[in-house]
Amino acid sequence: MYGRDPWGGPLEINAADSATDDDRSRNLNDLDRAALSRPLDETQQSWLLGPAEQKKKKKYVDLGCVIVSRKIFVWTVGSIVAAGLLVGLITLIVKTVPRHHHSHAPADNYTLALHKALMFFNAQRSGKLPKHNNVSWRGSSCLGDGKGKQGSFYKDLVGGYYDAGDAIKFHFPASFSMTMLSWSVIEYSAKYEASGELNHVKELIKWGADYFLKTFNSSADTIDRIVAQVGSGDTSGGSTTQNDHYCWMRPEDIDYDRPVTECSSCSDLAAEMAAALASASIVFKDNKAYSQKLVHGAKTLFKFARDQRGRYSASGSEAAIFYNSTSYWDEFIWGGAWLYYATGNNSYLQLATMPGLAKHAGAFWGGPDYGVLSWDNKLAGAQLLLSRLRLFLSPGYPYEEILSTFHNQTSIIMCSYLPIFTKFNRTKGGLIELNHGRPQPLQYVVNAAFLATLFSGYLEAADTPGWYCGPNFYSTDVLRDFAKTQIDYILGKNPRKMSYIVGFGNHYPKHLHHRGASIPKNKIRYNCKGGWKWRDTSKPNPNTLVGAMVAGPDRHDGFHDVRTNYNYTEPTIAGNAGLVAALVALSGDKTTGIDKNTIFSAVPPMFPTPPPPPAPWKP
């Protein structure tokens, strides 16, 4: 169909021309979109847009895998460089500006003193010293101890610790010292770890335990004698026989005979040595073979103590002059308790909780020295040790009655330590007189400070805020405060402003009654009497016996720094062991309490395990 073109030409009309206006509109829109989607060249854009201002041509950067605008690229790279410079500047400032470390608080006085108190044991070592002993003026000494005796039950007695300012090895106080160190490690291993001293104190305990294993036939199940002492110090009657008290010599230079004292009826010594080995076996429980060796030795010693009754210091022995034991009943309770914890064998617990044994040990009556823990009387420590069992495991019948009594007695002892009670006097400076004004008071004070802190730790671990003294209730903080005041006194908070621990603080004793510390290591060997000039000189000791706690002040807070007066200036390993225990108990963060479970590692469950539920019923 053709129509006439009004513009002068033919006009072809087809079916599309019959479309509606709406359809035409849609078709035009489609054409418009198609046109817009096709890029226009600059001439076409000028036809459509007229003489408008032309845009600047964009510049791009080809990065290989992608093409980006140069402007964006510059901004991105600039931002990265600027950020790097800023971080570098901040790092430089942080590195160069002085900072205050808030993460680690400075070590408290108790921790600082602990480091030193442990060093004292390094200086007291006898035998072949390890290379890392860290006491420059000490060397190997007394390497012939116990050798040359034919048919003896020991091969040699080299090693161990010298007791005090002499070179005698007294096994009774030495055993107590090792037991106290082990007890402190069992309760406060986390604090030792925090102070960096755990390996050191364990090494010191092993040094003592290894030596004790030499003093009897430790491989046997039954023995009939043990060694009580090496060396001699009896100068009574004006004796001029060369020995460890008559002579003033460095241990390294000793050339006189050192006798060995044996005993076949010494229940107190054997039971105390059993306690030392049993407690050490818990310290070394991760070393199974060594721990079992210690347990076996402890069992053998305790059997000997029970079978052949007698005091080791009886019959006018030399031990009676220096370390006289008043009885062996307290060692039976003490040793039995430690063997129970080391083995889990109920027979030891039954023995330790026998009312008759407690009665003989004086558990049910007072007396002026009741509640005083020492190398001689362990009753206060044994009662606390067994109170621990009641607080945490509550074994019930048939032990409850006697354990309850021990717990009550321990509570009474703790009350007697408090200033508001008058069981013990105090010096004007505040030092408790546990030995009633007699000389050498500090060894008893540190033991009491340890027991008080430990009891407070037990109560807190058992979620008990305090304890009763009669009708009055006292917080556990009161016990820690007592312990702190006593240890602070020893560290220098006393009328003389003197630290009684050598090397701690600026003012401490300089004239210790100690042979090794008072004689210079100058390649000159001073014989027995040749060393007397060093004993009698008024000059300070040439060697500093770091960490040694001296015997202490008198009842008037007075102290004479005189070498010849051992009642003021002589240290002992028994005294230092209590000091170490008290210091670690008070050291560090209070939130780090006792270790509740380690001591019970070998103890079986108190009650039988309930039987498993029956199998489900099946039709």
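Every residue gets a Cβ built from N, Cα and C, even glycine.
Using a 10 Å Cβ-Cβ cutoff, HIS513 (active site) registers 24 neighbours. Look at TrEMBL and you will find HIS513 (among others) tagged as active site.
Within 10 Å of the C-beta atom of ASP561 (active site) sit 16 other C-beta atoms, taking all shown protein chains into account. Sequence annotations record features per position, and here TrEMBL assigns active site to ASP561 (among others).
Same-chain residues at least 6 positions away in sequence with a Cβ under 8 Å from that of GLU570 (active site) are, in sequence order, ALA164, GLY165, GLN440, LEU512, HIS513, HIS514, VAL550, ALA551. Annotation comment: TrEMBL describes GLU570 (among others) as active site.
The domain 'Glycoside hydrolase family 9' annotation in TrEMBL covers 110-583.
Residues annotated as region 'Disordered' in TrEMBL: 1-25.
If you look up TrEMBL, you'll see 72-94 marked as transmembrane segment.
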